[in-house]
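A.B. asks: The ATP binding site feature in Swiss-Prot is assigned to 12-17, ASP50, 109-112, 170-171, 200-202; the stated evidence is sequence analysis. Look at Swiss-Prot and you will find THR16, ASP50, GLU109 tagged as Mg(2+) binding site. Among the features that Swiss-Prot reports, active site is placed at LYS37, with the record citing sequence analysis. Among the features that Swiss-Prot reports, substrate binding site is placed at THR41.
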Amino acid sequence: MPVLVITGTGTEVGKTVVTAAVAAAALAGGRTVAVLKAAQTGVGPDEAGDAQEVARLAGTATVAEVARFPDPLAPGTAARRAGRTPVRPEEVAEAATKLATEHDLVLVEGAGGLLVRFDAEGGTLADVAGLLDAPVLLVTSAGLGTLNTTELTARELRSRGLELPGLVIGSWPGAPDLAARCNLADLPDVSGAPLLGAVPAGAGSLSPAAFRSAAPHWLAPPLDGTWDADAFGDRHGP
């Protein structure tokens with residue numbers, strides 16, 4: 001099944017911009033792409049959410065949400081506060097499966113980190129990936145503190161028998177500090193997975209045309225790009 005689940009080590013690590021970059025690179029390669037947001041929180045009914053931002057940046061991707069809730073909280077908490085039925089992992093998996101019959105690639109973007117709860121029963125994005133038997137791309141931050149959250153997420157994925165094809169740094173700084181430079185080597189070591197890209201900080205503020213043109217250069221060949229981890233490390237490592 002052509003489904004890739006995208007999660008992060010936490011909030012604000014660049015998941016949506018990375019999702020847009022993966023979509024843009026796949027579209028540039030001639031594939032049809034759908035982006036499914038499992039649960040959108042923190043936006044009103046008439047506001048653009050993460051899926052719409054992906055479409056704005058990436059281009060002609062099909063976008064969908066399973067549910068959205070107004071409070072900027074974990075999906076389970078936001079659903080409870082709104083008095084609404086929470087999202088169930090089975091719903092997300094069903095929606096992704098349907099999209100997969102009509103598209104070459106389906107990107108399922110989570111909310112927050114891997115184990116953020118969808119419902120009172122403890123359903124998470126990890127359960128969605130398990131139901132779909134889909135690989136999980138992990139978006140990480142560049143700097144100090146990322147090694148612990150990255151390793152914890154990688155361990156959880158493997159404990160569930162889920163595939164971790166690689167990591168993408170969601171916001172590579174223009175002037176990386178020593179920790180960020182060292183992490184280029186340390187992130188693959190602690191996670192047991194290769195670096196598959198680094199999206200520059202501020203990429204989401206580019207014009208859609210500039211974003212689409214640049215996206216393949218931020219991602220490695222397994223993600224339809226031309227980025228080379230060794231060359232990047234030679235330029236930016238300590």
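Each position is counted from 1, following the chain as shown.
From the backbone N, Cα and C atoms, a Cβ is placed for every residue, glycine too.
In terms of burial and nearby residues, how do these features look in this structure?
C.D. replies: Its own atom aside, the Cβ of GLY14 (ATP binding site) has 24 Cβ atoms within 10 angstroms in the protein chains shown. Following the DSSP three-state reduction, the secondary structure of GLY14 (ATP binding site) is coil.
Long-range Cβ neighbours of GLU109 (Mg(2+) binding site) (same chain, at least 6 residues apart, Cβ-Cβ under 8 Å): ILE6, LYS15, THR16, THR19, VAL35, LEU36, LYS37, ALA38, ASP50, ALA51, VAL54.
In three-state terms derived from DSSP, THR41 (substrate binding site) belongs to an extended strand segment.
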A.B. asks: C-alpha of THR41 (substrate binding site) to C-alpha of GLY112 (ATP binding site): distance in Å?
C.D. replies: 10
A.B. asks: Report the same-chain neighbours of SER171 (ATP binding site): residues 6+ apart in sequence with Cβ closer than 8 Å to its Cβ, ordered by sequence.
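C.D. replies: Counting only residues 6 or more apart in sequence, the Cβ neighbours of SER171 (ATP binding site) under 8 Å are VAL13, GLY14, VAL17, SER141, ALA142, VAL199, PRO200, ALA201, GLY202, ALA203.
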A.B. asks: Cβ atoms within 10 Å, counted per site: which of GLY110, GLY112 has the most, among these binding-site residues?
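C.D. replies: Most Cβ neighbours within 10 Å: GLY110.
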A.B. asks: I want the residues beyond THR16, ASP50, GLU109 whose C-beta is within 8 angstroms of the mean position of the Mg(2+) site's C-beta atoms, in chain order.
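C.D. replies: Residues close to the Mg(2+) site, other than THR16, ASP50, GLU109: ILE6, LYS15, THR19, ALA20, VAL35, LYS37, GLY49, ALA51, GLU53, VAL54.
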